[in-house]
Amino acid sequence: MTNNKQQTTSKFQFRPYQRRFRQPLKTSHGEWKVREGIIINLTDETGKVGLGEIAPIPWFGSETLVEALDFCQELPSEITATDIFSIPAKLPACQFGFESAWWGMENGASQEGKNSGDILAPPFHKGGWGGENSGDKQVSLPKQDAPVRSRESNSNPPLTSNQSPLTFSYLLPTGETALQSWQTAWDEGYSTFKWKIGVGSFEEEIKIFDQLIKMLPKSVKLRLDANGGLTWEEANSWLKICDRAGIVEFIEQPLPPEKFQSMLTMCTEYDTAIALDESVATIDRLEDCYQKGWRGIFVIKAAIAGSPKRLFQFCQEYNIDPVFSSVFETSIARQMALQLAGKLSHRAVGFGVNHWFVDDDGIDFR
C-alpha cells in the first residue's frame, strides 16, 4: 500500500442494527435472543463505497458491542488506511469490519446502481493479499445460504470454471426439535448438519442423538458442537459414541479453551475428529494453538477473528484445515467470510443459519 493511499481520507459512517432470532439460540453459554452489530460505510473521494460489519460475540473472546460503538464514536468523520490498519488486536470484530469495508471500497464501484454484494470483492490471490501480477480469479458467492441443487454435488448455483463452489452446513435446533427440522433442510439440498450438545442433560441428548442418526440418510455428515460445555467424562463418552455411529464429521470444542492439552490428547485416542472453536476465536489464539501443536480442524469465525488480511496469510502459509463458520452476521460480513472460505477451505461452511432470524436480512445498509 502506497503512502498516498495510506493518507487518502474516506468518509466514515456507521449504524447499529438488531436482528431478532425466531427462537432463542441455546448453547452452553446460555440463550441468545437478539443479534446486535454495527454496519459501517466508507466512501472515497471518487464515490466508491465499501461496506463492513462489526458483529462481536464477547463470550467467544471478541470485544463487546459497547466497546465497538465507543471505538466508532471516537473516530472522526473522515479516516485513512493508517487508521484502519492500526486498529488494536483487542478489537478483532472492528478489525474485520473496517478492513472489509476498506477492501470493498478499494475494489468496489460508485454508489449508483451497486448493491452490497457487488461492492464486497476483496483481492484474494494465490500469491498473497492482492497484487497486480496475480492472475487468480476472485471467488463468486451465492446470495442465499441454501444450496438448492442436486444432492450429488450439494453445491450452490452453477459457477464458472475459475470459481470455487461452496457447500453449506445447516444448523439444527437444539433438543428434540432437531428430529423434525432436518427433513426440510435435506429436501432443500443440505447434507451436512450441525447440532449443539452440552445444552441439556447428557442422558437426554444421547437419546435424541440415537434417534437422529437412525433418521438421517447414510450420506449425511453430522457435526456436534459442544461450545466447551462438556466434562472430561462426557467428552470421552461422546467420542466413543461418535466412533460407533460413523456419521459424525467432528465434535467442536468438547472442552473449555483452558483444557487445550486434554483435547490435544483426545485427538490421538479416537477416530472422530475434534475441531477447536472457542480456543481459536481470534487470530492470536489460532496462532497460539498452532504453535502448541494443534494440527486438527480449526473452526474459524472470520467476523470475530480479526484482520482478514492476517487471517488469510496465516491460513495460506501454514496450510491448516479450517472450517469457516457464521457468527449470525448479516450478508455484509458473510460476503467477506465466504470469500475467505472459498480460497482456504474444502469443508462445508457453517453459514446455513438465516432460517434462525425473523427478518430476511433485507436491511438497508446505506
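Each Cβ is built from the backbone N, Cα and C atoms, and glycine gets one as well.
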Inset, instruction - Among D225, D243, D288, find me the residue TrEMBL lists at the same Mg(2+) site as E252, D277. - result: D225
Inset, instruction - Grab the pLDDT values for the domain 'Mandelate racemase/muconate lactonizing enzyme C-terminal' (175-273) and give me their mean, rounded. - result: 96
Legend entry - active-site residues compared (K196, K301) - the one with the fewest other Cβ atoms within 10 Å: K196
Legend entry - Composition by DSSP (helix, strand, coil) of residues within the domain 'Mandelate racemase/muconate lactonizing enzyme C-terminal' (175-273): 52 helix, 16 strand, 31 coil
